[in-house]
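Taken verbatim from TrEMBL:
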type: TRANSMEM; residues: 7-24; note: transmembrane segment
type: TRANSMEM; residues: 36-61; note: transmembrane segment
type: TRANSMEM; residues: 97-118; note: transmembrane segment
type: TRANSMEM; residues: 133-154; note: transmembrane segment
type: TRANSMEM; residues: 166-183; note: transmembrane segment
type: DOMAIN; residues: 201-338; note: domain 'FAD-binding FR-type'
type: REGION; residues: 424-516; note: region 'Disordered'
type: COMPBIAS; residues: 425-434; note: compositional bias 'Low complexity'
type: COMPBIAS; residues: 435-453; note: compositional bias 'Polar residues'
type: COMPBIAS; residues: 454-466; note: compositional bias 'Basic and acidic residues'
type: COMPBIAS; residues: 497-506; note: compositional bias 'Acidic residues'
type: COMPBIAS; residues: 598-614; note: compositional bias 'Acidic residues'
type: REGION; residues: 598-641; note: region 'Disordered'
type: COMPBIAS; residues: 615-628; note: compositional bias 'Low complexity'
Amino acid sequence: MSTIVKRLISAAHVAIFTYGFLLQRNDSELSNINAIGFSIYCSRGAALCLAFDMAIIMLLVCRKLLSYIARIVFAFNIGHGTISEGSNSSLTYYHRFLAYHILVFLTIHLLGHCVNFYRLEQLGRGSAMSYHFGTWAGVTGYWMLLLLGIMFITAHQKIRKRNYEVFWYTHHLALLVMAFYTFHGYGCFVKTNDGECRGYNSWKYIVLASIIYVIERLLRTFESFQPIVLSSAIAHPGGAIELNFKQPSLHYRPGQHVYLNIPRLSKFEWHPFTITSSPFEQYISLDIRQDGDWTRNLARLLGYGPETPRIEQIQVVRDRSLLPLIKVDGPYGGPKDDVLDFDHAVLIGTGNGITTFSGILRHIWFRHQETQSSRLETLDLYWVSRDANKLEWFQSLFSMEKTMELFRTGLIRIHIYFTSETAYSSSSSSPSPSALCNNLSPRRSSSIGIKRSQQNDEAIRRENKRTQNPLPPAIETTTTTESIGLASGSGRRRYSEDDDEHEEHEELLSPLDRYGGGDSALESGLLISLQSISSPSINPQPTSHSSTATAAAAAVARAAENIEQGDDAIIGPNNIHFGRPDFATLFEDMKSRLLFQEEESNGEGNDSENDGDGNQDIGQQQQRQQRQQGRRRQRQQSSSAGKIIRVGVFYCGSPGLGRTLAHECSRSSDSRIKFVFSGQ
């Protein structure tokens with residue numbers, strides 16, 4: 001869809017340029033100035049394109065207005081995946097696309113007038129320099145050229161990523177550009193044969209767009225005027241900061257984002273962040289990486305800046321005076337909760353784009369706790385990143401506790417690709433490969449209630465009771481974690497000598513002493529992994545704890561070594577690869593696998609889903625059976641109706657890969673299976 005829109009935009013520019021070109025050339029009242037020739041036609045045609053671009057590019061930053069329009073459009077099922085309900089990525093993409101058109105036609109307009117002024121000097125109508133710097137059109141034109149040059153340079157990806165504040169402030173020079181442009185044509189450069197000034201009408205489009213923009217900014221200011229008190233802030237290993245707050249008036253859907261402002265850091269800066277919580281949760285969560293000055297200053301404000309020693313476990317900010325007031329604008333962006341409407345879903349994120357899918361997985365987990373069934377049977381999550389040092393941030397972003405529950409049902413598979421030549425670079429601030437494997441181990445206890453552990457909540461409550469600061473109630477959760485009894489130092493459960501589980505516990509610990517190497521972080525992750533792997537739901541074959549523990553510990557240690565050497569590794573549901581993914585091959589393999597599974601399921605008429613642990617709660621078993629029956633009925637209905645398998649491919653990342661994925665979706669679809677692409 002984006003390719004079609006781009007072609008339409010380019011075609012519109014060609015049409016507008018041609019119209020302006022012919023309008024100037026065929027105007028009999030402008031025969032005197034038309035004596036200049038071809039260059040005057042080009043400059044006038046380019047000027048008309050610039051008038052169109054200046055108005056549209058200002059409307060593209062009116063995200064609230066576009067969000068309202070998109071909701072109306074989606075109500076009629078039109079344009080899905082194009083505007084994406086005001087998606088930040090989509091709007092930014094078209095904003096840049098128009099900016100490149102401005103650059104092209106600005107160059108044509110400038111070069112055309114350089115030739116025009118030279119020709120006027122030859123015709124004896126004044127010096128070229130007097131036209132360049134002695135007329136209102138020339139002065140405002142060069143001021144706009146200077147300001148736009150600064151905006152183009154500071155909008156470069158490297159500058160924007162390293163110093164977002166420079167980009168943010170310099171981009172507001174656009175207001176001056178619009179002001180200069182409004183009065184650019186009042187110098188009466190274009191005159192009729194009788195010497196009368198030809199009317200200048202481009203300002204009308206700019207003024208109309210400016211009025212809409214001012215209304216947009218006033219609405220945003222009004223809706224986000226009231227500051228919000230943070231409920232909690234959590235620092236994760238790897239430097240990520242998680243903010244939790246309550247805002248009953250903010251109704252969002254999975255995959256959407258908000259703009260965040262912290263007056264204590266800056267009264268004017270607003271930064272976009274994806275909502276990583278589910279609408280089912282009591283709190284709204286934002287996960288923030290320390291990528292720029294603003295995010296690093298936020299971490300410093302909370303006491304966990306880049307200068308502080310790295311932490312091995314999540315830390316809750318207990319000093320309530322450190323929690324700043326925040327302002328939130330949104331939500332914006334295209335919701336992704338329609339992932340449940342497909343038979344199979346593929347979630348693909350590059351770099352920070354993976355944050356879009358954190359809330360989606362959590363939403364799926366909550367939906368699976370309900371008795372109602374969904375169409376979704378399997379899900380593949382792909383994360384493409386440059387280096388392995390971001391693994392720790394990845395695990396802090398996704399609740400491994402909930403992900404593992406989805407993994408054990410056979411619903412989710414995780415595929416991680418690292419594309420840099422140097423797979424893993426060791427530094428004082430980077431975790432060891434063994435710690436990375438610990439972070440990705442099944443049933444890791446870094447988060448409970450989806451990222452807010454009961455241990456940390458209890459610690460906050462104790463601290464608040466001491467300081468007389470009330471804490472809002474914790475997020476409700478239906479699960480518990482085996483790690484509640486783990487000692488914080490080594491991760492080992494505290495047992496007394498006469499404990500019935502003491503002997504079994506010691507049997508599990510022997511391989512840890514052999515493979516842990518004194519790494520308490522790895523030791524903790526291994527123990528939790530072994531407890532999970534030893535459960536009948538994952539390993540139904542009876543075997544001794546010692547053999548299972550030894551095999552699991554060796555596998556995790558081997559995975560750590562593979563990561564350090566840049567080789568593929570498998571840790572629980574995580575398939576780690578080094579190199580760029582070949583989505584053409586991956587889609588073909590996926591297509592073959594899904595068609596084979598569909599043929600098998602239609603032949604057997606039942607599900608192969610594991611019924612789980614025999615000790616599982618009866619209510620959970622009933623819910624699982626109801627979901628199985630619901631999916632079986634849906635499959636039988638689809639088979640009888642002759643419906644095809646629908647695969648939803650959801651992407652958030654660079655436009656280049658998005659175009660590749662859209663092409664592969666179209667190429668891989670046929671009469672039996674259809675790949676539907678939705679990208680931001």
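Note that Cβ sites are derived from N, Cα and C of the backbone, with glycine treated the same way.
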### Task
Could you give me the DSSP helix, strand and coil counts for the domain 'FAD-binding FR-type' (201-338)?
36 helix, 38 strand, 64 coil
### Message
At a threshold of under 8 Å on Cβ distances, which of 7-24, 97-118, 166-183 pairs most often with the transmembrane segment (36-61)?
### Response
97-118
### Task
Would you kindly list the residues that approach the transmembrane segment (166-183) from elsewhere in its chain, counting only those six or more residues past its ends and only Cβ-Cβ distances under 8 Å?
50, 54, 58, 136, 140, 143-144, 147-148, 150-151, 154-155, 159-160, 202-203, 206-207, 210, 269
